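> Before I ask anything, let me first share the structure, which is written out below as structure tokens.
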Amino acid sequence: MFDCSICLDTLKDPLVVSCGHTFCKCCLLQVKAKECPVCRSSIPSIETLPKNWILINLMDQLKNKKPKQIICGNCETSSATIFCENCDFNLCDDCNNNEHKTKISMKHVRVPLKEIKKKKFAFCSVHREEMKYYCKDEGVSLCHGCAVDNHKGHNYVSSQKFSTERRETLKETLNSLNFENIFDKETQSLVKKTRRNSKRNFRCREQIEIIISK
């Protein structure tokens, strides 16, 4: 809802097109969009597009809300402070220390949740895990738990890979739209020239016929 379909990041200075789709102003200017990248509705001028104040207000409200407490996935009582990438689990300080006493477990990659929040990682509300994957079959983001429990045998890739593929697809689409606009303009220009030439030919014939008739 709050992501731009061009850069796939959180909307910045969101502008709304007449069709209702919203994009970052900088993204529209960067690709020089003449049509909506999603539905191809005409965009007469980017500079005259209105800001999407509904989304702007909603985003401001969410920023001011206190973040929900993430509970430790091990004891299920204390607040989690660490995410262990190897265990794929959120842990509180006590559980983190208790579960990582062996030489092997001490080498686990553990990231403070504060750092994860800064990077704007999305977390699964069911498993409380980072949603690292994207299911192409169902078009949804997944955590490791969702992939194992509900998406066995599905075609899913890492979220990073999907974002890269999506950006490339959108760039190709926008480039083709820009090319079509140029082609349409050239075609219209040729049609006008052809009409002018036809009128000139018709006048020449009239003049020749008049001369011959004399």
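Quick reminder: no glycine exception, Cβ is built from N, Cα and C everywhere.
Got these off TrEMBL a minute ago, pasting:
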type	residues	note
DOMAIN	4-40	domain 'RING-type'
DOMAIN	67-113	domain 'B box-type'
DOMAIN	119-159	domain 'B box-type'
> For the domain 'B box-type' (119-159), could you work out the same-chain residues 6 or more beyond its ends whose Cβ comes under 8 Å from its Cβ atoms?
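Answer is 10, 70-71, 73, 80, 83, 88-90, 165.
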> What are the DSSP helix, strand and coil residue counts for the domain 'B box-type' (119-159)?
8 helix, 11 strand, 22 coil
> Run through the domain 'B box-type' (67-113) and tell me, per DSSP, how many residues are helix, strand and coil.
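Taking the domain 'B box-type' (67-113) as a whole: 11 helix, 11 strand, 25 coil.
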> So what's the mean pLDDT when you look at the domain 'RING-type' (4-40)?
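Reported value for the domain 'RING-type' (4-40) is a mean pLDDT of 86.
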> Per DSSP, what is the residue count of the domain 'RING-type' (4-40) in each of helix, strand and coil?
7 helix, 8 strand, 22 coil
